[in-house]
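Participant: If you look up Swiss-Prot, you'll see 38-95 marked as DNA-binding region, on the strength of sequence analysis. For 17-34, the entry in Swiss-Prot reads compositional bias 'Basic and acidic residues'. Positions annotated as compositional bias 'Low complexity' by Swiss-Prot: 169-193, 202-212. The feature region 'Disordered' is assigned by Swiss-Prot to 1-49, 96-136, 169-212.
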Amino acid sequence: MVSALSRVIENPTDPPVKQELDKSDQHQPDQDQPRRRHYRGVRQRPWGKWAAEIRDPKKAARVWLGTFETAEEAALAYDRAALKFKGTKAKLNFPERVQGPTTTTTISHAPRGVSESMNSPPPRPGPPSTTTTSWPMTYNQDILQYAQLLTSNNEVDLSYYTSTLFSQPFSTPSSSSSSSQQTQQQQLQQQQQQREEEEKNYGYNYYNYPRE
């Protein structure tokens, strides 16, 4: 019995768990390597570089496109040649790069003056302009009638006409400030007094002047 135990100790066997771990370690490197993408018209040379070629549909012959450092560069060269030969019907390696996102239409550059007028806000309304009121038409007409009576030969009561003429109210010119209104009113009063004195003197001389 002792001899049998000694033989087992001298020749131990590997446990089954260790054997399965060794098998999984052997398959692990293959899983870590990324799968290479296959591109149209691209082949890898034995020395590692990538060659691109395309078939000309008109001549039915292969066209050499060149040798590139990476497979992506060779695939892009094939896409450019395929668009040249077949147009939009060509099957590409990177269709998203060629077509791209849908472009939105933009407004063309307008002249500077037009763009500024479009962007500038509307002008603000200015302050209300102060308009001066002219003498009433009735007052001007009365003055004209009075002048015509003086030049005519009709005998009228000038004193009565002048009293009724200047007793009528009239509007003074409006201005933006109260001071200007006061000065204008004073000037108008002075002019009115001068006219009354002149007309009274003229009426007095008219009646006292001896007639033939």
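Even glycines carry a Cβ here, placed using N, Cα and C.
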Participant: Kindly state the mean pLDDT of the DNA-binding region (38-95) in the predicted structure.
Facilitator: 92
Participant: How do the residues of the DNA-binding region (38-95) split into helix, strand and coil according to DSSP?
Facilitator: 20 helix, 18 strand, 20 coil
